[in-house]
Amino acid sequence: MSKPCQCSIIGTGSYMPSKVLTNDDLSKMVETSDEWITTRTGIKERRIAADDETTSDMATAAAKQALEAAGVKPEELDLIVVATVTPDMFFPSTACLVQSKLGAKNAIGFDISAACSGFLYALQAARHFLNGGPRMTALVIGAEKLSSLINWKDRNTCVLFGDGAGAVVVRRDDRKTAPGRVLSTVMGSDGTLADLLKVPGGGSACPITAENVALRPNTIYMEGRETFKHAVTRMYQASLDALEQAGVKAEDVKLVIPHQANARIISAIAERLNVPPERTFINVDKYGNTSAATIPVALDEAQRSGRLKSGDILLLVAFGGGFTWASSVVAW
Ligand code: ACO
């Protein structure tokens, strides 16, 4: 468990590519159906980035919105953290590419790889940087081009994922009543279960070669049923821990903003927490699982649609490959 520190989210933004891929489109590509995908996952469609649209392009578009909402200029940024498992390239980091595209010349930047928990990991990393001083203002982004990791012949995975980006501007603020303040964050990892959800190839353990390229090792492999069980257990416990650390009860939560992987996972967690569906944010139907992007995109949509009121208690919770999990309580 980590110590709470004084940081506030002062602006949000998001970007989703315009191309829509529906369940019916997918049923023409693999043996699946709208009925199967909807019943098992709640997903109806997802967004797919253009061939020449990179993770850093989407991250930059989301960041510009967040900066505008916060009233912060790029050169005021001290830190950029990008959570992604689909960086433009191994290096330089996507954060450095975003820094250049924004003209955020005073910021340092680095990426975080924690799959679907990446945004909350990045938020916590930013909080620690800001609280360690002297940096004041950070941009935290979750951005993914998961379509670049999908085996479009594997129906077990290709129906689940999509592309997009969400961003928040975070500022150190010692006021106890500052809007958007992060009250608590808990995080966990279990690398012994790494094999249940991974992209096995393309890294140093298994470089892509002429001999193995046909096996598509550079695409997502997931044991869905096992992942599902761990996701529910870990997200529920992380939520309880984050609430306890923040000194908040589940009934005081105005909106749960969970990682959007599967509507059944989300309702299982909400049921266990005894939070009614109207206090649970869902947009997995529109975007599928965009990994590190789901929570900042959902937060931005909730904010822009007027669903968040000043002082609302929000519970953010995520689970992803690694395995990794995290939860944060935010007072809006
Ligand atoms: N269309 C039709 N049938 C399918 C499809 C499909 N797209 N995909 C799988 N099936 C079949 C399977 O082959 C299987 O058939 P069989 O019984 O003949 O073998 C059957 O449907 C049932 O498969 P299950 O895997 O048991 O289905 P389940 O109900 O578990 O749903 C799902 C699968 C949606 C993947 C679910 O397990 C899930 O959501 N898992 C968790 C995902 C998640 O949370 N990921 C975490 C983050 S991801 C990240 O970090 C990048």
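Quick reminder: no glycine exception, Cβ is built from N, Cα and C everywhere.
Note that the structure is a prediction, hence the values are computed from the model and not measured.
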Range annotated as region 'ACP-binding' - as stated in TrEMBL, picked from 185-189, 190-194, 230-234, 260-264: 260-264
Same-chain residues at least 6 apart in sequence whose Cβ lies under 8 Å from His259 (active site): Cys116, Ser117, Met235, Asn289, Thr294, Ile295, Val317, Ala318, Phe319, Gly320
Per-region confidence, the region 'ACP-binding' (260-264) (mean pLDDT, whole number): 98
Candidates Cys116, Asn289: member of the active-site residues with the richest Cβ shell (10 Å): Cys116
Secondary structure of His259 (active site) (DSSP, helix/strand/coil): coil
